[in-house]
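Read through the structure below, which is laid out as structure tokens, and then see the notes.
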């Protein structure tokens, strides 16, 4: 009985070891934070049990679009065919072992395509994008390719190069599986439907490796060394250049009109001549990219000495202090509005905001001027001269009455003046008569 228990526990340990890479074993979660913070009680024995049931989230893999000699199944059979001394004297692995080997290599579809076919192939690029577009960028794909290539190269060095006869026999034994895989690959969606715009126009598809060549040809060795040495150099042919729209004739005319009044400082953003020559090379399909127009940043310098249309034309008069302050404020306000119009983009929203702001400033200034005029009128009325809280209606009524009384007094004084003038004329005439009589 104890032997059976120990055997069962040993089997459980082996099962756990076989699926251990799919569990989280790096980080420990705090299920009992209070106990761990107090550190008075040891952790419960059931804390680490639930971690055995946490599986790693794996992204879905797209099926291979390559068929024939470039398919991963051909790589699985041709590159990793077993030797006679590995399976205990048999000539080859069993059908289950071959299926497991093909399935394992299908997971690294991107790796198999990378060292069997040329990376400049358009189908290879689109296949990588379909597999990797919703998880990470091309740098992550290049890193994954370099890591898996290194592991497969080490495995091939340990196992040795297979003989072509055994590879051919392995290919014939697994023909049923290859037919199923090629049928699944033919049902895959064409990447050109999903990505209508080709990523590198200058790259032309190259043929795959011939069946007579070995799994690792010189081109694949050079690809492996270049991938391991410079992982950042791989995304360069896939770089998408940001294009700016070309300048039209209307834009150039507007720029010429603006140059008459403002100072334009242009900053051009140009690409290096090497990249432009590479991008300007003729493509295989005959498509050419539009020329990159320079990005121009403009900065306006508005002159402060502008013509004020509200000012008098030629004659210079001495205005009172209130009138002079009003004219100066009008000039400043006009300059501020001109600066805002030049600095802000020409859109309807900004123009409406500027008009509203200008109207508010002018209205506030008009009210202040009206208030000051009322205060000046109040100071001229004797009855309201010392009344600072007099309302505007009272000021207007008292001012009207005071004006009428002043006008009546003016008429009275004018009549008195006329009477005095007549009296003076009479006295002058009488004095003239007396002088004549005395003489």
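Note that Cβ sites are derived from N, Cα and C of the backbone, with glycine treated the same way.
Listed in Swiss-Prot:
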- 143: N6-acetyllysine (MOD_RES)
- 148: N6-acetyllysine (MOD_RES)
- 157: N6-acetyllysine (MOD_RES)
- 203-359: region 'Disordered' (REGION)
- 210-237: compositional bias 'Low complexity' (COMPBIAS)
- 266-278: compositional bias 'Basic and acidic residues' (COMPBIAS)
- 275: N6-acetyllysine (MOD_RES)
- 315-331: compositional bias 'Basic and acidic residues' (COMPBIAS)
- 317: N6-acetyllysine (MOD_RES)
- 323: N6-acetyllysine (MOD_RES)
- 355-364: motif 'UBR5-degron' (MOTIF)
- 371: N6-acetyllysine (MOD_RES)
- 413-434: region 'Leucine-zipper' (REGION)
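Each of the modified residues 148, 157 was scored by the other Cβ atoms within 10 Å of its Cβ; the lowest score goes to 157. Cα of residue 157 (N6-acetyllysine) to Cα of residue 148 (N6-acetyllysine): a span of 14 Å. Non-local contacts of residue 371 (N6-acetyllysine) by the CB criterion (under 8 A, 6+ apart in sequence, same chain) are absent. DSSP assigns residue 371 (N6-acetyllysine) to a helix in the three-state reduction. Packing around residue 143 (N6-acetyllysine) is summarised by its Cβ count: 15 other Cβ atoms lie within 10 angstroms of its Cβ, all protein chains included. For the region 'Leucine-zipper' (413-434), the DSSP-based tally of helix, strand and coil residues reads 22 helix, 0 strand, 0 coil. The motif 'UBR5-degron' (355-364): residue composition by secondary structure is 10 helix, 0 strand, 0 coil, according to DSSP. Looking at the motif 'UBR5-degron' (355-364) alone, the prediction's average pLDDT is 94.
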